[in-house]
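Peer 1: Handing you this structure, nothing more for now.
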Amino acid sequence: MQQTKKLTHSDITIAVMSGPFLQRGEPALVSKWYRTKMALACGVDLVVELPYAFSTQKAETFANGAISILNALHVSEICFGSEDGQIENFYNTISVQKNEEETFNRLVKQFMNAGNSYAKATSEAFLHILSSEKNIDMSQPNNILGFQYIKAILMQNSSMQAQTIKRFASHYHDETFNDQHIASATSIRKQLFSENSSFTEIESFIPKATASLLASYKQNYGTLHNWEQYFSFFKYKLMTMSPEDLRHIYEIEEGLEHRILSKIQTSSSFHLFMEALKTKRYTWTRLQRACTHILTNTTKEEIYCANIEQHAPYIRLLGMSQKGQTYLSKNKKKIELPILTHTKTFDHPTLHIERKANSVYFSIMKEPLRTQLLKRDATHHPIRYDETTAKFL
């Protein structure tokens, strides 16, 4: 965050944040409201939500939704972390892909026909048409997402400029702590759910406010969220579904329904299920997203009605600093998308999916807490933060 501010000389900082489920197809550790507090305490001025219909998607759709929201908010610059760290290389890669589009598409098809996942086929196709010096490594997750951010900016004819910060020491998927002060999201998650884990083991890797809020969430609600806690719900749902039922679920394609229904029969945990389910053709992340759509009962028809090929249909405001509130007040008339401070009365197909996702997210809580949290989510107004006193209002 501090590096971003230093690089962009920004007046205000806006974060677009996923809701209950994330791009890798897994539940967020804590609710979006606690994560909003974390962001505000770390220097973000406006926190807005990326709807489920965009957030639990491949990089291209995820980026398209995020950029459309930032564009609507009249953001002048976007900054993202990447393994490459040189913004010129991203533009070079996009240019090469555009110039070699026919060859690129042919290679992707060729590698997919050989049994590779779309992500792997894309990465291999890039390796064949790009020289490594001035182009990015498209096998790296943050490079892929950054590439799609810039593509979305160009496709939406936005005047937004892009900047990138190089990720050091730790890669996104690293499962262990390889550095004294920098750790991957994956390694932090793994540590939090290990036996006899404590927050002291991750304190040197995350901001103090974040550690405090994580501990507070676990103390108040008795748990952090991961896939294993939803597995009994997930397995029950699958055991009551037919292949035809499953084919209606978003991202269930090419006979995947039969493999899912076969592997669930003998799986006693989500991790074991995923180990049995994964193939060369389907990445772990792609399968986790499909599982998330099964859990939330998100159908192809619902995603079609949400019209995700276009921009996000609204801006759900989750939190703001005093500076962020001033920015919104000054620019409100210029912002074309409706800004939602709660969702109780707003109606849209995208929001229907969102409500289901929230219901599922809180399903692991005991009653009456579960019902209270779900009701509160729809009526919850944006969290306000006074950055001069470092206090929530």
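Backbone N, Cα and C atoms are what each Cβ position is placed from, and that goes for glycine too.
Given the structure is predicted, the values throughout are model-derived calculations rather than measurements.
Marked as ATP binding site by Swiss-Prot on the basis of sequence analysis: G81, N142, R167.
I'm curious about the neighbourhood of these features; can you describe it?
Peer 2: For the recorded site, G81 (ATP binding site), the DSSP three-state label reads strand. Neighbour list (G81 (ATP binding site), Cβ cut-off 8 Å, at least 6 residues apart, same chain): N142, G146, T164, I165, K166, R167.
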Peer 1: Quick one: what's DSSP say for R167 (ATP binding site), helix, strand or coil?
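Peer 2: Reduced to three states, the DSSP call for R167 (ATP binding site) is coil.
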Peer 1: Let me check the 10 A CB neighbour count of N142 (ATP binding site). How many other CB atoms are there?
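Peer 2: Taking all protein chains shown, N142 (ATP binding site) has 21 Cβ neighbours within 10 Å.
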